[in-house]
Structure formats: structure tokens, C-alpha cells
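Visitor: Quick paste of what TrEMBL says about this protein:
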- A:73-288: domain 'ABC transmembrane type-1' (DOMAIN)
- A:16-40: transmembrane segment (TRANSMEM)
- A:77-102: transmembrane segment (TRANSMEM)
- A:114-134: transmembrane segment (TRANSMEM)
- A:154-182: transmembrane segment (TRANSMEM)
- A:215-234: transmembrane segment (TRANSMEM)
- A:269-287: transmembrane segment (TRANSMEM)
Amino acid sequence: MSPASRRVLGRQPLGILFAAPYAIFLAAIFAYPLGLAVWISFHDYFFAAPGATVPRPFVGFENYATVLKDPDVRQSFLHVAEFLVINVPLTVVLALVLATALNSVTRFKTFLRVSYYVPYVTASVALVAVWLFLFSKGGMVNQILGPLAPSPSWLVNSALAMPIIALFVTWKQLGFFILLYLAALQNVSKDLYESASVDGAGRVKSFMNVTVPGVRSATTLVVILATITGANLFTEPYLLTNGGGPDGASTSPVFVMYQKGIEQGNPDTASAIGVILVICVLAISLVNRKILERD
Amino acid sequence: MASTSSNRLSTSSTRPGRKIWSTTALFIGALVFLFPFYYMIIGSLQKKPDTSLKGAFPTGGLTLHNYAEINSRVDLVRSLLNSGIFTGGVLLGTVVFGVLAGYALARLHFRGRGTLFAVMLLVQIVPFQLLIIPIYVMIVRTYGLADSYAGMIVPFLINSTAVFVFRQFFLALPDDLFSAAQLDGAGELRILWSVALPLVRPALLTVVLLTFIGPWNEFLWPFLVTKDQSLQPLAVTLANYISNIAGRASNPFGAILAGAVVLAAPAVALFVVFQKRFTASEISSGVKG
């Protein structure tokens with residue numbers, strides 16, 4: 001190989017060949033669609049027969065204006081906010097406490113770990129089926145509560161539908177976040193715990209002063225990933241509350257994207273929702289990093 | 001790896017009784033977490049749903065009737081086959097292209113390596129659901145791949161997490177190994193195939209397990225691309241049954257739960273058998289051991 005081509009292609013140009021399928025995949029399934037979403041959101045775009053050339057005039061921010069004025073869209077974003085307010089703190093606290101406890105047990109370790117991870121590896125559709133059974137009007141939860149059962153019942157109650165969805169997702173995803181914290185706990189120095197105990201710190205104190213700061217970067221990751229999960233919400237409102245009910249009390253942005261873009265044939269406004277959602281996720285991630293990585 | 005750290009917290013607690021308490025609390029929590037799975041199975045075996053607390057611990061009268069019922073409503077075998085083809089296609093693409101890309105990113109110096117790695121990390125924060133509209137436009141409207149296995153598989157063909165895991169494992173292999181093979185005159189493909197790949201067999205299993213649950217459990221994308229029932233994976237068939245047909249069945253929950261058990265079983269079984277592979281430290285530390 002000549003020095004010139006080595007300079008252009010690198011020392012081992014075969015790497016380009018090895019990485020090419022993946023690079024093409026990223027371009028075709030990530031970069032191009034992302035660009036296409038932005039492009040569609042600025043044009044009057046509708047579905048046409050394959051191959052047909054139709055005019056798709058540039059409309060500026062018109063789709064965005066339509067979307068931002070739409071009460072259904074605003075509501076769906078508020079629902080995700082409600083979801084995150086319940087889901088994120090619950091996830092962070094439960095995952096960290098459970099990971100700490102799991103890290104310290106010596107007996108029945110496998111059984112305990114499997115119990116907490118297993119919802120994570122199971123299909124949402126299958127788990128939704130049990131929750132429907134548990135939380136339906138005549139379901140077990142209401143049978144146990146008796147006269148205390150809410151009316152209307154959980155999943156058809158507009159005040160309770162979203163919290164149940166948030167609870168479901170917390171339960172389903174917790175195993176993954178426990179996993180992340182368990183990995184992070186391996187990197188917290190043992191000396192810190194020892195010096196804390198020499199200083200007379202009890203279990204709670206050393207948890208607050210050693211563990212919590214020690215896994216801070218993992219917490220940033222957990223919050224960001226939980227936010228992304230919230231932004232992705234679709235299957236649960238679609239199936240648990242029978243299409244975002246009652247009266248649209250549990251719709252999510254992706255669900256509205258599906259309705260507007262695919263059911264009603266308006267991919268342009270749906271894309272605008274998608275772009276706004278990506279911007280929100282990025283903003284939350286940045287703010288979260290700033291706050292958690294301070295000092 | 002984990003055993004060296006397992007006693008870490010007990011060093012900070014002075015009373016041994018505390019450990020028993022935390023183990024007990026973890027046990028109670030574990031039972032709460034597992035209860036829906038238990039209830040899924042019990043519910044699927046009851047001909048008439050008994051939703052009282054006593055019904056959760058039946059003493060008899062269990063039947064496989066609901067499994068026959070769901071099988072008569074949806075073509076279970078066909079749906080499972082579709083799930084298998086979808087998952088198998090994704091796994092094949094992920095392993096073949098993931099190994100190549102991971103090896104290149106870890107071991108080969110080529111132009112654009114840094115950029116590719118940066119894009120790979122970026123992909124992890126823009127979630128797939130947000131791209132459904134443009135990908136739907138491309139796959140269904142532009143390329144006409146609706147109602148085809150290709151349309152289902154293509155958006156998941158290579159999993160970036162898998163590429164990352166492979167890269168980490170290849171990175172952890174000692175340099176000497178590669179220089180020795182190079183001195184012997186082996187080409188890159190040969191080094192990858194006969195030197196590196198046998199050493200990262202644990203990574204292959206990890207990736208297969210991590211990748212399996214994605215397509216097997218995926219609902220939204222196959223739901224969008226398949227309208228033809230004979231092509232739908234089980235997650236989609238079951239979801240459609242839940243939202244459309246269930247109201248008209250005699251014991252809708254029984255049949256739904258039977259379907260849920262069938263959908264959940266393969267992923268749960270794989271996970272329980274290989275649960276040790278699901279630890280994040282295993283993934284990040286590579287092949288040290």
C-alpha cells in the first residue's frame with residue numbers, strides 16, 4: 001500500500017470494508033430518517049402512491065403552529081410530564097435502594113436478581129395482559145379493596161389511568177436500572193465505606209454520603225434513559241387504556257403521532273411532534289447533566 | 001467479580017441482624033415482582049376467572065382450555081413462526097455485521113473510525129419511536145415493504161448496543177495476540193475468524209441474549225408494517241386480540257393470559273437459564289477472566 005493511500009484511508013483500510021454495512025445502516029435507518037423527519041415537518045406532506053410525483057410545498061413553521069395549537073398534542077405532552085414526575089423519582093430511588101441491598105446479600109442472590117429483572121425481559125404486551133386482568137373493574141385489586149375501590153375503576157378513571165401506566169412502566173423497567181446501578185456500585189471505593197464506618201456512620205448515613213454521590217454519573221444515565229422511555233411511551237397507553245382513554249386522558253406524543261401520521265394520513269404534523277419531542281428529550285438530558293454533575 | 005464485592009455493605013453495618021432484615025425485605029419485594037407472572041399462569045389455567053384473593057390459590061379445576069381457545073382465535077403456531085423469523089433475521093444481521101463493525105472499531109485503524117464511533121453513541125439517545133414516521137414513509141410508502149419480513153427486520157438489522165459490546169470485548173484482547181498472528185502472515189479476516197472470534201464467545205452469547213428480547217417483544221413496528229394477519233408476530237396478534245376480539249369471547253382474560261404465557265415463555269426461559277450473562281459488569285469488563 002502506498003503511503004499516500006495510507007494517509008487517506010488509514011493504516012488498515014480493510015476496516016472501512018468491515019464497518020461499511022454498519023455505517024450504511026446508520027445512514028439509512030438513523031441519519032436519513034432524522035433529516036427526512038425534519039424536512040417533512042417543514043412541508044405540506046401527504047402519502048401518495050409509490051413513485052408518483054406530487055408537489056410538496058414548503059410551508060415553514062405552519063405544521064409546528066398547527067401542532068402547538070392542538071389541545072390533543074398539548075395534552076399528550078402534559079401526560080408524559082405527569083408520567084415522568086411519577087416514574088423518574090420512583091425509578092431512581094427504588095433502583096438504587098434495591099441495587100444496594102442486592103449487592104450486599106450473599107444468599108439466594110440468583111433468585112432475588114432474577115425476580116427483579118424478569119419483567120424487563122418480558123414483552124410489554126404479555127405483561128399488559130396481566131395488569132388488565134388485575135386492574136379491571138371486577139379484577140383482583142378491586143376485589144381486595146372492596147368498598148375502597150375507585151369508581152370509575154383504575155384504567156377507565158381519567159385521574160388514575162396515567163399513574164397506573166407510570167407504575168406499570170416503573171415495574172417493567174426497574175430490573176434494567178438495577179443492573180446499571182449494580183455495575184456502578186462495583187466502582188465505589190470500599191475504603192470510603194470503611195472510613196465512614198470508622199467515623200461512626202450508620203447504614204443510612206453511609207448510603208447517603210458514600211453510595212449516593214458515588215453513583216452520581218449512573219444516576220444521570222438512569223434519569224436520561226427513563227426520560228427517553230417516557231418519550232417513547234406507546235404500547236402501554238394503547239393497550240392498557242384501550243387507545244389512550246378514558247377521553248384521551250392517557251394519550252402520549254408517540255400515540256398522537258401514530259393517530260395523526262398513520263391513521264389520519266398527516267405525516268407532516270406527526271413529524272413536527274416528533275421533532276419537538278426530540279428537542280424536549282435533548283433539553284431534559286442537558287439540564288439533568290448540568291444539575292447532577294455540578295460540584 | 002461480584003463475589004469480591006458482595007460483602008461490601010455488610011462491613012459498614014455493625015449488627016449482623018440487619019442483613020437478615022434486608023434479605024427478608026428483598027424477598028417480599030421479589031414476591032411482589034413475581035406475583036403478576038404467577039397470576040398470569042394461574043389465570044390462564046382457570047376456565048372461569050375467579051378474581052377473589054382465594055382464586056389466586058386454586059385447589060383444583062385447572063384446565064388447558066384457554067390455550068385451545070386462544071389457538072382457535074389466532075393462529076398461534078403461525079404467529080410464533082413469524083416472531084421466530086423476525087427475531088432470527090435481526091439476530092443474524094446483528095451478529096454478522098456487529099462482529100465486523102465491532103472488530104473494525106476496536107482493532108483496525110481506518111479513516112472515519114472516530115466519526116463512526118461518535119455516531120454510534122449518538123444513536124443511543126435518539127429513540128427509535130421518534131423516527132417511526134420517516135421510517136414508515138421510507139419502508140412502507142417508498143420501498144413498498146409493508147407486509148414483508150424484510151420490512152419488519154430492516155430497521156432493527158444491526159443493533160448499536162451489540163456493536164458496542166463486541167467492540168468492548170475485542171478491545172480487551174491482548175495486543176500481542178494480534179501482532180503474533182500478523183507476524184505469521186495471517187490476513188485480517190483470518191485473524192478475526194480464527195484468533196479473535198473464538199476468544200469472544202462469551203460476547204456472542206451476551207449479544208444474542210440482549211438482542212433476542214428486542215424483536216421478540218417488539219410491538220409498535222411490526223404492528224405498523226403488517227396488516228396481513230398471516231405475517232404478524234405473536235406480540236402483534238395478541239395485542240390485536242386484546243383490543244378487538246376479546247370483548248366477544250366467553251372468558252376473554254383466560255384466553256389473553258394463555259397467549260401472554262406463550263409470548264412471555266421463550267424470553268423468560270432464555271433469561272433464567274443464562275441470567276448470569278445479564279449483568280452489566282460482565283458486559284463492560286469484557287473478557288478479563
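Here the Cβ of each residue, glycine as well, is placed from N, Cα and C on the backbone.
Just so you know, TrEMBL annotations never went through curation; they're auto-generated.
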Visitor: Hey, which bits of the same chain come close to the transmembrane segment (A:77-102), Cβ under 8 Å, at least six residues off its ends?
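Guide: That would be 109, 112-113, 116, 162-163, 165-167, 169-170, 173-174, 177-178, 180-182, 185, 207, 211-212, 215, 219, 222-223, 226-227, 229-231, 233, 237, 249-253, 280.
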Visitor: Looking only at the recorded stretches A:16-40, A:114-134, A:154-182, A:269-287, which one has the largest tally of CB-CB distances under 8 Å to the transmembrane segment (A:215-234)?
Guide: A:154-182
Visitor: Could you tell me what the rest of the chain brings near the transmembrane segment (A:114-134), counting residues at least six beyond its ends with Cβ under 8 Å?
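Guide: The answer is 98, 102, 140-141, 155, 164, 168, 171-176, 178-179, 235-236, 239-240.
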